Structure formats: structure tokens, C-alpha cells
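**Q** Not my notes, these are from TrEMBL:
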| type | residues | note |
| --- | --- | --- |
| REPEAT | 35-67 | repeat 'ANK' |
| REPEAT | 102-134 | repeat 'ANK' |
| REPEAT | 139-162 | repeat 'ANK' |
| REPEAT | 240-272 | repeat 'ANK' |
| REPEAT | 379-402 | repeat 'ANK' |
| REPEAT | 413-446 | repeat 'ANK' |
| REPEAT | 517-550 | repeat 'ANK' |
| REPEAT | 655-678 | repeat 'ANK' |
| REPEAT | 757-790 | repeat 'ANK' |
| REPEAT | 791-824 | repeat 'ANK' |
| REPEAT | 825-858 | repeat 'ANK' |
| REPEAT | 859-891 | repeat 'ANK' |
| DOMAIN | 978-1015 | domain 'RING-type' |
| DOMAIN | 1059-1144 | domain 'Death' |
Amino acid sequence: MDVDKIISKIQNGDFKDVKRFIKKNPDQVNNRNSKGVTVLMVACEQGNKELITLLTESGADLNISDEDKKWTALHYAVEKHKTDVVAFLVSSGANVNKQDSGGNTPLHLAVKKNYEDVVKVLLNSKENNNLQVNQQNELGWTALHFACRYGSKDVVELLLKHKDTDVKAETKQGSTPLQLASAHRHKEVVDFLQQQNGINANKVDEEGDTPLHLAVQNHRTDSVAFLVSSGANVNKQDSWGDTPLHLAVWNNYEDVVKVLLNSKENNNLQVNQKNNFSATALHVACQYGSKDVVELLLQHKDTDVKAVMEDGSTALHLACRYGSKDVVELLLQHKDTDVKAVMEDGSTALHLACRYGSKDVVELLLQHKDTDVKAVMEDGSTALHLACRYRSKDVVELLLQHKDTDVNAVTNHGYTPLHLASSHGRTEVVDFLLKQKGMDVNKVNLKGDTPLHLAVQKHKIDVVAFLVSSGGNVNKQDSGGNTPLHLAVKNKYEDVVKVLLNSKENNNLQVNQQNELGWTALHFACRYGSKDVVELLLQQNGTDVKAETKQGSTPLQLASAHRHKEVVDFLQQQNGINANKVDEEGDTPLHLAVQNHRTDSVAFLVSSGANVNKQDSWGDTPLHLAVWNNYEDVVKVLLNSKENNNLQVNQKNKLGSTALHDACRYGRKDVVELLLKHKDTDVNAVENKGWTALHLACRNGSKDVVELLLQQNGTDVKAVMENGWTALHVACRYGSKDVVELLLQDKDTDVKAVKEDGQTALHLACRNGSKDVVELLLQQNGTDVNAVTKQGNTPLHLASTRERTEVVELLLKQKGIDINKVNLEGDTPLHLAVRNQHYDVVASMLAQDSVKLDIENDDKRTPLLEAVYAAHIGIVHEIITCGAKMNAVDKDGNNCLHIAAEKEEFHSEVKRIPILDECCRELQLDKDRRLSEIVVLSYLASHGASLYHRNDEKVTPLDCIENQHLKEKLKTFLQSLCWWCQEKKATVTLHPCRHTICCQNCCSQMTFKQCPICRQHIRSISGFVCPKSEEKAVQTVAESVECPKCKEKVESFESVMVEEKHLHRVSQKLAGKWQPLGRELGIRQYELDNIKENNPLNVEEQGFQMLLRWWRGNDPEKRTLQILKAALERTECQDALECLSSEFN
């Protein structure tokens, strides 16, 4: 029976089978299920004591934990409130201090659940001498913290009876049991804890609250009294800077305030302490509290009624702001209250009362002898300004009853109280102010606004009516020259416009008054499309419908420009309209009507005599604009109107375009048809750069338009632009097969015609890449497939440059195509395709038998060198495969290896080139480096490119490789096969250059005196056994250096002593390698440093001194040619080696 089945039986109450199984299988008593639960844990959860006893007697582990919560059997028993099981487990040795995954012991669980009887068992058991009553869980909570948090007074008492219980223990957040009990309003627990020895009444929690703060917040007056009497710090501030007194006042706990203020222990109470917002308790009380709390605070001997906050607010300021008459009255009765005190912005108590307070508060302040009704804020506002802006007529009336109140006082920006009341729509206040003696209804602020201007802008119609009827000047202009009527019209306030126009007082209204820009009210109405307002204005006698702004715009033009059709139609019906008046853009109403597609307006204007040939600032006539916008119906109106006998259909704009040009440019077939029907239309008219309508239609690619033009008598198909382009050139450049086909059907079309740069139509078609167009041209008699431009380019050159693969393949099929033609820079089409990395084009060309691979351009680059410069290994591979020369050099003497060594990495469209993988294997590199420069170098070198070729600066490709390790790998790879047969392993090494280049067989058969790699004279060889022992004429290099007779000569040669005279010539060839050579010859580094320091500017002298140091510091037998030569070889001083060889030749 598995554990899950046993557990299931226990949970179902089937204990008989379980007991039987346990008795038979005691060794399985501690087996677990997938969650780590044992049979004992479930038995404890179920509370079957008999089964629990059997399990413990059978060896059940009491302290094993499950996998999930890390609970033991004791945890399970406590959780399910099985008190007798708990007692049994404890007496049987269960670990009472075992912690679960949250760090909770069984005692934590019992206390949290308020299982008082279980707590007693855990605390009082004789076996529990080791109970850790103060053990903390992961949050730092002890059992006492839980008891206080959940308000279990009896459990708290039980815990505190335990000798070890720490009443001051803190959680990880710094909370003590007392703080938790206080925070959760468990009064009895708090009272009980406060009686315990060791309680810290001033301990703060994470919010900075002490038990006293918490008792105040929870309105525990008796606790507050107890804590105060126990020495709690009444001045302690929380994280907001609030003291207990702040909190009591804020919550309006009058009884707590009394305790804090009146306790005998509170002689040190700092009643004026400020919180983080710079507020004292009195400030808070005036803001939030009642009269009684304020009174209590004022009775305290130390209360500072003049204390100010950061913004300068006193208690009186706050009381006036928050409108408590009783509190204000109390403060005003206090001898220290300063009614004139000002805040940072200059506000007095009266300002705040008028801004926020009630009439009663204002009345109280005005009765005070020190109140200054003329006091101004920083912005110049008096109390009356604020009252007019924010309050009712009653407050304004009170202020105006005061003898010192100035009804026309102005702020720093020139606002009077009437300005503010008008702007904010205080109708009653405005009415009251207007009745005051001396009131100036037309006073202006700094912007030139009268109260009437402001009332209009804010759409306060009732105020507007009051002001107009009270003498408000309706013609007064602000700083921008706008009258109230301008503003009303601009804002589309039709009701305000009516008031201004219809008032009996407005007999003197100047309806045509202009602002600084010359705009009248009618201009604004037309600009913003207010037809009803326009009608209202035109109903006025004298409204000028032709008035012009300073920029020359009439109302009609503004309405037209902004597409207000109804307004335009209405204006056109008015007498006196000038249909040909132009605005600043040169537009007439007819231009604007066309632009806005108002066909009926266009017809009306034309019939009214509007000039159809009038040009705007761009030179466009209305016909141009209609064509440009493709308004076919408007074009018909302009072309067909009876009034248009004088229409100049060929008139040009500033670009030289006629209406026909524009129609063809945008492919407007129907419009073109309409224009061509007009008797005067010139089909061959040219634009400024020589474009005809046919050119433009070909550029657009519109077959229908081209066909229409070609059907016209006289259309010049041979017409050329300034740059020599014919219509065929244009059509080929922009690639429309249908258009090209149409042109080629015309007998006058010249397929050989050339542009000023020598390009034919075929050149342009190839450049554009349209195979169909190229095919059409190639079918024409006279098409020259090898025609060259002034730069020497054939059509094939241009197609190759632009990667027009299909076009290239088509050209290559043509009889007589010159694939190797060079342009003025010496480039063949293959050069250009390679340089631009067009792999498919290159592949197509390489497939041609006639292609030449080794033609050099002006930079002496062959296609192979171009491919390496482009770092395209796919193209490189294709060219090499086709047999290109590997040792070609450019104008600087660089071969392909020099160029490759300068590249970091190559690329290719070809996913895999097998030979590169082989190179990677030989070089022992990962395959992901197959495109690195070192792999490409090995690939190129293995195909015959020389690593030892020197360019014009005497640099070999090997010198370009900085990584010494890779350099050695490369040399090893290249020496692995015989130079000649490329089959057998190279075993013969030449000296002095040490190149291992050939196999035994080739060495015995070939005669050579120089190394084929570096061209050094061969002095000796190693790794070869001479096949002949007889004296005879030497036939091979092997025999010349290894045969018995010659061997003595070689040995004697290499034992020659180096003399001091040789050192000068060798040092001239060392350059910067003199230090590595010195180290190789055994000279210490400090000696080399001294040589360099003594000869800082002369590298040649440094080398000589080093060699001299070696020569003089050794015995004669160690100053041999062989030793110096070996050192030069190891440090790769090739120039010095050659020099040394010539010395002893």
C-alpha cells in the first residue's frame, strides 16, 4: 500500500487498515508522498491519538518536515487545534522550536490562531525547558508580536508570564509589541503592556510613530494620559514631523489636546514645534480644528500666535482662508495677533478673507482698527480686486463702504476691480461697481483692454450689455488695434455681436474700424466662416465689403482661401465686389474658388467678368490650378464659357509650364483630351528646361496620354530637351514598355539619338533595368549594342553597375557584344560588376568564353583584385576557379594577399565554399571563422599567391598580419605541400630563408638556385639525402649543397667569422627589429634600454651598437656567420639576411 492510499484512508476515517499496515510494515512509517507529507502528519491533522501513538511507537520521525510549508507533525496538530495531540507530541519529544518555510514555530501558529489552550500546553510543558519563546520568523515577529497584533490579551498575559519573553523585541521593520497593539487599537493589550517593566514609551516604528503617537491617532485618551505620566516624549516627531499634539489637533480630539496641554508632566511641551510643512499645532487647529481646540491652544502660555509657515502664513491667515468666523474672532481678541502681517506674496488676512472667506469674516476684519483696506499684494491686487474676482456682491459692498477703498485701483498689469469682475462674469458686482462715484468704465490695462474687451473675450454677454449701456466705448482699441466687435466676431460670439450692433447706445459704432493688420470685423467673420455674422455685419449701413487688409486681402479672398463656400456665395451677390482683386499671394477670388473646387463659384465669377488669365505669384492661371488639382468640371467651365473668348490656353507659369504640361505631367487623360480640343493649344510648347508635353507624358508612363499626343498633327517626336533627351530617352529611362512601343511605331523616332553625355536610349533602358524595354530596342534596326558614352561606357557597363542581371544576360546573347570593352577609367563591365558586388552578374559574365579575366584598369586592378578589395569571397572564388592570374599587382605593388590581409572579414552570397572549410581544418580554426582574413589568405596562397611578394613599400603580406600565432599557423599550412607537385608533403628546407617548399622527389629532379618564394640565393638545404655519392657534375640543387664534395664547402662557408666591418651594413637593414634580434643574440634587456637611451633618434646607430655589443662580448668561435644568420632567420629580418648573404657571396 503506497503512502497516498494510507493518507486517503486516514482522511476518510478508515483507521483499521492503516493500523494493520503499520504493524506489518513499521519500516515504512516515515515514507512520504509527492509533497513530502508523512502518515504521522495526516494522523495529527485528523487528531486520532491511538494511531498517533502506534506511529510514534513504530519509529515515526516527529520532526520531519513536508516539502511545501516545511511543517512538522506538531505544526499540523497546532493548526487544526488538536490540543491533546499537541500535548502528546511535546511529551514525546517533538521539537517545539522547529520553523516552517516562513520561519514560524508551532508557538507562532498557536498565538496567531488565538488558541489559548494550545499556547498553555506549549509554554507549560515540563519538556519545554528549551522553548525559545522569543524566536523570530522571517519578518522578525515573535509570538508576542502576533498576540499584540491580533489583540489576544489573555495570550499576551500567558506569554509575559514566561521568564524569557522579551517585551521590547522588534520586528525587522522596527515595530515593538506595544506599537502593534497601539496601531490596531487593542486598548486592553496596550494598557497591560504599558504596565510592564522595560517598556520603551518612545520607541519609533518605520513611520516614525511612538506608542504615544499611535495612542493619539486611535483616540485612546486614557492611554495617552498613562504614557505621558510614564515619561513618554510629547515632543517626539514622526516621519511627517508631527508631534502627538499636531495629531490630536488635526483629528480635533479636544480631550486628548487637554491631556497633552495640561498634564503636570508636560512642563517641557514645545507647543510651537513645527512639522515638515512648517505648521505649528495652532496653524493646524486654525486650518482643521474647532473653536474649542484653538481656544485651548491660545490659553497655553507659550503659544506663539505670530508664528509663520514657510509661505508666511500666520494662524490668522489660515483661519481667514478656511472661513471660521469664531476662530477669527478668537484670534483677533488675542493681544499678539498682527492683522497686518503679510505672506510671501503680500497677502494680508483681509486678502484671504475676500479670496476664500465669508462676509462675516470680512466684516470682522474691517472692524479691526489695524486692518489696511488699501494693502496690496506683490501683483498689486487689493482686497477689492480679489472680492470682485472671486466673491459675491455682499463682500464687495462691505469693502466699498470703507472710506479708504479705491474703486479704480489698478494691479501691476493695469487691471481695475471692474476689469476682474467683467472678465469673470460677476454681473451683480459689475452692476454695483458701475453705480459707484468716480468709476472709469473705459480704463485700460497694460494690454489696452477695457472691461468691455475682457467681457467680450470671456463671452459674458450680460456683462457686455451692462457695460455698453453704462457708457463702455465700443470703438476702443486694444494694443493690437482690436475693438470689442473684432473680438466678438473673431470668437464667433453671434449673440455678443448682436448686442454690440443693436444697442441704442451704439449709434457711433465704427463697423469698418481696422486693427493693426488692417482687418475689419468683416474680415474676421469671412476668415472664420461665420455666415450669420457676415450677414449681421452687412446689414449695417456702411459696412465696406471691399475693405482690404494691409496685405491686400478682401473679405471675399479670405473666405475663398479658407473654403467657406456659403460665405463666398453670399459675398459674390453683394454690390461692389472686385472679382479681380489679388491678395498677397497674387490670388484673385477666381484662383481661390478654383483651388477650393467651388465649380459654381468659378462659373459665377467667370460670368461676372473675372480675369481668367490672371497669374498668381507662381505664374499660375486659374486653368493651371484646375488642371493641377484634376478638377475636370472646373477645366470645362474655364474652357467652354462664352465669356472666355480671350482665354490664353498656352500661358506659361514661372516654370514655363502650360496647362497641357501639367496635365501630361500627372497623366490626366481626360483633362489632356479637353485641352487638345481647344483650337489654340500648342502641343509642342516647351518648359524652361526644354520639356514638351510628350516628354512629360513619357516620364509619367501614361500610355493613353502619349497616344493622344502622338495622334495630334504636328507633335514633334524628335524634340530634344536641354540635356539632349528625346521622348524615347525619357520613356526608356523611366521604363514604360507600352510607351516605348508606341514611340518606336512612329516613323520619326530615332533609336540612335544620343544625349549630351553620349547615352542612347539603350543605355538608359539598361541603366533602368527594364528587360522588356531593352528587348524592344534590340529588335530595332540601327541599335548599337556597343555604343559608348562620353565616359566610354557601353550599355553593358551600365547594366553591370546597377545589377540588372536579366538585362546583362540579354545583352550577352547579342551578336557582336564586346564583353571586354574598357571605359575611360580602364574598367570592363566585369570590373564594374565585381566592384559593386553583383554576384549573379559576375557569374553570367564568367560563363562567357570570350571574357578576359586579367585586364587591368587605370589603377592596375584586375577583376580578382577588385573582388578582394570588395571582400567578396564568393566572387573571388568564382574568378579563381575560372583561371585568373594569382600574382597580379595593383599600382602600389600590392598583390591579392596584401589586400586581403587588410580586411577583417569577407562575405558571400554563396552559403558554403568547401575549400574554405578545408583551410579551417588545416589552420585548426572553428568553421565559423571560414570568412576571416586568415582563412582567405591561406586559400589565396594555396592557389599560388605569394606571401613573400614585396609591394612598393617593401612590405610582404606576412608583414601585414599582426597576430604572430596566426602567422605561424599560416606559414605551417602553406609549407605542408610541395610547391611544385602539390601532392607530396614538403620536407626539404632551404637556407638561409628556411622555407620548406618541396618534396624529396622534386628536389632531386629540379635545378634552381633561388628560393621561389622569397628569391634569396640558396646556401644550403636540410631534410634531403643526396642520392649520388660519386664525384661528377652537379645536376640538382640538392647535389650542389649536400653531396660529399660540396658539403665541406658549405660547412667551411658557415664557419666563417663575422668581422666588425660587416656589422655596419647589416645594421642598416634592421630598422625596428634590432631589439628582438638583440634578445635572440643573448643581450639583456637593460643593456638594450641603455643603447636606446644613448642614441634616442638614430635607429641605425642603435642597431649597430647592439651588434657591436654582441661581437665584442663573445669569443671568436661564437662570432660566426652561422650564429648571426640563425638569429636573423628566427626574428624574420629578411632584408638583413639578404645583405648578410651578399657580404659573403
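Indices start at 1 and increase along the chain as displayed.
Backbone N, Cα and C define each Cβ position, glycine as well.
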**Q** With helix taken as DSSP H, G or I, strand as E or B and everything else coil, how many residues of the repeat 'ANK' (859-891) land in each class?
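**A** Per-class counts: 16 helix, 1 strand, 16 coil.
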**Q** Please report, as numbers and ranges, the same-chain residues at least 6 past the borders of the repeat 'ANK' (757-790) whose CB is under 8 Å from any CB of it.
**A** 723-724, 726, 728-729, 731-737, 740-741, 744, 751, 796, 798-799, 801-802, 804, 806-807, 810-811, 814, 816-818, 821, 823
**Q** Please count the residues of the repeat 'ANK' (517-550) that DSSP assigns to helix (H, G, I), strand (E, B) and coil.
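**A** Residue counts in helix, strand and coil order: 15 helix, 0 strand, 19 coil.
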**Q** Go ahead and report the DSSP secondary structure tallies for the repeat 'ANK' (757-790): helix first, then strand, then coil.
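**A** When I sort the residues of the repeat 'ANK' (757-790) into the three classes, I find 16 helix, 0 strand, 18 coil.
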**Q** Who are the long-range neighbours of the repeat 'ANK' (791-824) in its own chain, taking Cβ under 8 Å and residues 6 or more past its ends?
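**A** Distal contacts: 757-758, 760, 762-763, 765-767, 769-771, 774-775, 778, 785, 830, 832-833, 836, 838, 840-841, 844-845, 848, 850-852, 855, 857.
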**Q** Test of understanding: applying the rule of at least three C-beta pairs under 8 Å (pairs 6 or more apart in sequence), is the repeat 'ANK' (413-446) touching the repeat 'ANK' (379-402)?
**A** yes
**Q** Let's see if you can do this one: DSSP helix, strand and coil counts over the repeat 'ANK' (825-858), in that order.
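**A** Computed counts for the repeat 'ANK' (825-858) are 15 helix, 0 strand, 19 coil.
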**Q** Over the domain 'Death' (1059-1144), work out the mean pLDDT and round it to an integer.
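**A** Averaged over the domain 'Death' (1059-1144), the predicted model reaches a pLDDT of 82.
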**Q** For the repeat 'ANK' (655-678), give the DSSP counts of helix residues, strand residues and coil residues.
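**A** The counts are 16 helix, 0 strand, 8 coil.
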